Amino acid sequence: MRFDILTLFPDMFGGPFDESIIRRGQDKGLIQIALHQIRDYTVDRHRTVDDAPYGGGAGMLMKPEPLSAAIESVKKLNTDATVLLTTPQGRPLTQKLAQELSLKPGLIIICGRYEGIDERIHQHYVDQEISIGDYVLSGGELAAMVLVDSVTRLVPGVLGSDESAQTDSFGDGLLEYPQYTRPPEFNGLPVPAPLLSGNHAEIIRWRREQSLKRTAERRPDLLTQAVLSDKDRLFLKSLGVSNVS
Ligand code: ADE
């Protein structure tokens, strides 16, 4: 998977992209990330990337010409890529969307800045606008990092077999069950008995019920979309939860 990121602040990406899973994905040759300075695509002496909005109003907009030149140039390097724009007005980023994006041949991510970008860039080039949550960041860079991270860990081979993305929260539409390691008792709190039982079927059932219970308590909205068995529904009913898929 190749990511091309168009930004006015390429230096922001140094830390997150040089460590941990994203570093490993690059080292294994499973992902490639290229950062592009939008300002390098200006043609005026002042390297201008922004301008005032027609009709007035506060703030500045990103001008279309440098962005257009940057996108056209990067599309030649990442043919068949899907063009994304990070913006609070976009489709909410969920695990399902990250999974969809991980199947694309390549991604070009435009990081928005200032008050937004000229609408004609959206119309001409952008396939999907993506938001990482209902709050406003100072720019799309942090959102692009979140997006690259969530997609990279789903690219086959990036995670080791002991780090399977399948058991992550949201992998099956539910939150993850609680986890314990040694010692068997800590601060007076014991590890739940099923986990010490050595009975594999009992452990699996306990974990499933804990996932269901946690999701019902913390994110009941997810239960209407999750894939549930009759046994799951019965268990939820015993907790007093009935508005499920
Ligand atoms: N740019 C500013 N805020 C954002 C958000 N919440 N998601 C994606 N891009 C953004």
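A Cβ is built for glycine as well, from the same backbone N, Cα and C atoms used for every other residue.
The model shown is predicted, which means the values in this text are computed figures rather than measured ones.
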Looking at the S-adenosyl-L-methionine binding annotation from TrEMBL, with Ile132, Gly133, Asp134, Tyr135, Val136, Leu137 already listed, which candidate in Gly112, Gly160 is the matching residue?
Gly112
An 8 Å radius from the center of the Gly112, Ile132, Gly133, Asp134, Tyr135, Val136, Leu137 Cβ atoms defines the neighbourhood of the S-adenosyl-L-methionine site; name the other residues of that chain inside it, in order.
Pro88, Ser131, Ala143
Just the binding-site residues from Ile132, Gly133, Asp134, Val136 whose C-beta lies under 6 Å from any atom of ligand 1, please, or none if there are none.
Ile132, Gly133, Val136
Fewest other Cβ within 10 angstroms of its own Cβ, chosen from the binding-site residues Ile132, Val136, Leu137:
Val136
Largest separation between Cα atoms (Å) of residues that the record links to S-adenosyl-L-methionine, namely Gly112, Ile132, Gly133, Asp134, Tyr135, Val136, Leu137:
16
